[in-house]
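Beneath this line is the structure, given in structure tokens, with notes to follow.
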């Protein structure tokens, strides 16, 4: 059984932790309660791969994003990793991944799945606040589809920023707080289409790009990219777009 690392005050919402912990093995079911996240994953991975390949140069040149392992050697922290849906593809791209989550069953499922997949990922049941008290830093820290579930966004981002090395990056993916996001992400996704279990999201916790950029600035991070993610019903999948009214991703750098 996963053992929790010692932690002080945290931004963790116990109700959300329990909700995601109950998903268990179904995290890895492409047709299960996390089906929408499975469909979103290729877009997230490509976005992260492309920006990190450009930023973390080798001998002064951008990395080849289409190489088998373009993220070779990069130390990445996946904060709020769930059962490892994002951590695993990043490890396959060559990254040395540390992935944390406060839900014990998530970490147990993630470890078993990584072992079956032959991947070495450092999974820890802990919080971002506890980890930020350590001396370690990372080339990139990810907060993907997690900010809308924490109680203190500014505090969470601040802890993420503390774990980014000078010259490193932070990435976040979340939901904008607009009428459009309420209609599509709450009413549509949870109550009409059933893409996510009802109660997964609280619209009041959604974060505007301006609010997120402000939180990043307070954490000594400078946002340099803001990209929307939209669902394409014709293709049945997600794609990058200029529209940030619902889902969006943001990248920020830390001064060298």
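These residue numbers are counts, starting from 1, taken along the chain as shown.
Just so it is clear, glycine is given a Cβ too, placed from its N, Cα and C backbone atoms.
Since we're looking at a predicted model, the values are computed, not measured.
What Swiss-Prot lists as S-adenosyl-L-methionine binding site is 44, 80, 101, 144, and the listing cites sequence analysis. DSSP classifies residue 144 (S-adenosyl-L-methionine binding site) as strand under the three-state reduction.
In sequence order, 86, 144, 173, 249 make up the list of same-chain residues 6 or more apart from residue 44 (S-adenosyl-L-methionine binding site) whose Cβ falls under 8 Å from its Cβ. Taking the Cβ of residue 80 (S-adenosyl-L-methionine binding site) as centre and 10 Å as the limit, one finds 26 other Cβ atoms among all the protein chains shown.
Sequence-distant neighbours of residue 101 (S-adenosyl-L-methionine binding site) (same chain, 6+ apart, CB under 8 A from its CB) are 80, 81, 82, 107, 110, 123, 125. Summarising the environment of residue 144 (S-adenosyl-L-methionine binding site), the number of other Cβ atoms within 10 Å of its Cβ, over all protein chains shown, is 23.
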